[in-house]
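**Q** Take this structure, written in structure tokens, and hold onto it; I'll ask about it next.
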Amino acid sequence: MQIFIADSSGFCEGVSAAYNKAKEHRDIYMLGNLVHNTQVVEKLKQQGIKVIKDINEIKDGETLLISAHGVPPSVYEEAKKKKLKIIDTTCSWVKRAQKLAQEMVEKGYQLIIIGDKNHPEVKGILGWSEGKGIVVSSKDEGENIFSRLQDKVGVVAQTTQSEENFNEIVKYLQGKVKDLIVHKTICGATQKRQKAAIDLAKKVDVMLIIGDKMSANTKRLTELCAKTGTPTYQIQNKKEGEEIFPRLRDKNKIGITAGASTPDWVIKEICDIISVS
């Protein structure tokens with residue numbers, strides 16, 4: 001049995017920077033999860049970081065950590081009123097998407113955000129567009145909306161979107177809109193990770209995608225690898241790795257990749273299980 005690990009697996013640069021910054025602090029508040037990984041969040045809680053859902057849960061003058069997913073401007077405004085100290089770990093790619101969304105709305109363009117409307121990153125981008133953006137997750141979902149669009153339309157994407165989905169929606173819009181501005185705000189690391197995972201999936205007998213169930217980019221990796229026809233399983237931790245192993249016994253080549261919010265120690269634990277078993 002051979003194990004192959006795809007390039008660009010695990011923490012991306014933005015998540016790594018956010019996690020390292022968070023590790024430096026104790027007894028502070030974190031608005032939502034730093035990243036979509038339960039094990040990482042639990043580790044931060046153990047060192048004294050408190051996870052909150054609303055900024056009003058913090059007393060004036062305390063310290064607030066903003067996650068890699070970013071937040072709408074209303075959070076910064078409220079933090080200023082409460083005299084909070086801000087530790088901002090928003091990913092630079094997310095900040096770029098926020099800025100471009102804001103600029104296009106200010107120029108009078110109808111904003112389309114390609115992504116998951118329930119994802120914190122998308123909610124943040126929507127906030128920077130003064131709530132004037134329209135969120136669509138696929139061409140099929142957006143067809144009715146697209147038929148009612150005005151002449152000026154601007155497009156950004158959730159940074160972890162698949163290139164395939166993004167291109168499909170943009171191609172459809174190009175045939176419908178006169179004045180279309182497209183900003184491909186998919187993170188460069190995301191594109192490399194997805195390509196490396198697909199390439200590896202085509203060469204192995206089975207793919208394991210390591211990442212939390214609440215991680216959008218991990219879910220996307222699973223979908224993309226499964227599309228190659230190679231048996232694909234998403235697992236979160238060591239326990240699930242042990243449970244999946246019986247299905248791997250007759251496989252010669254096992255491919256592994258991991259989402260951007262999956263830490264190295266989780267990848268190592270699962271690789272060790274397969275190697276030893």
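Glycine is no exception: its Cβ is also placed from the backbone N, Cα and C atoms.
Note: TrEMBL annotation is automatic and uncurated.
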**Q** The isopentenyl diphosphate site in TrEMBL lists His36, His119, Ser215, Asn217, Ser261. Which one of His69, His183 belongs there according to the record?
**A** His69
**Q** Figure out which of Cys12, Cys225 sits with Cys91, Cys187 in the [4Fe-4S] cluster site per TrEMBL.
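**A** TrEMBL names Cys12 for this [4Fe-4S] cluster site.
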**Q** Can you list, in sequence order, the residues of the same chain other than His36, His69, His119, Ser215, Asn217, Ser261 whose CB lies within 8 Å of the CB centroid of the isopentenyl diphosphate site?
**A** Val35, Asn37, Glu121, Thr160, Asp212, Met214, Ala216, Thr218, Gly259, Ala260
**Q** Measuring Cα to Cα, how far is Ser261 ((2E)-4-hydroxy-3-methylbut-2-enyl diphosphate binding site) from Cys91 ([4Fe-4S] cluster binding site) in Å?
**A** 12
**Q** At 10 angstroms around each C-beta, which of the binding-site residues His36, His69, His119 has the fewest other C-beta atoms nearby?
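**A** Comparing Cβ neighbour counts within 10 Å for the binding-site residues His36, His69, His119 gives His119.
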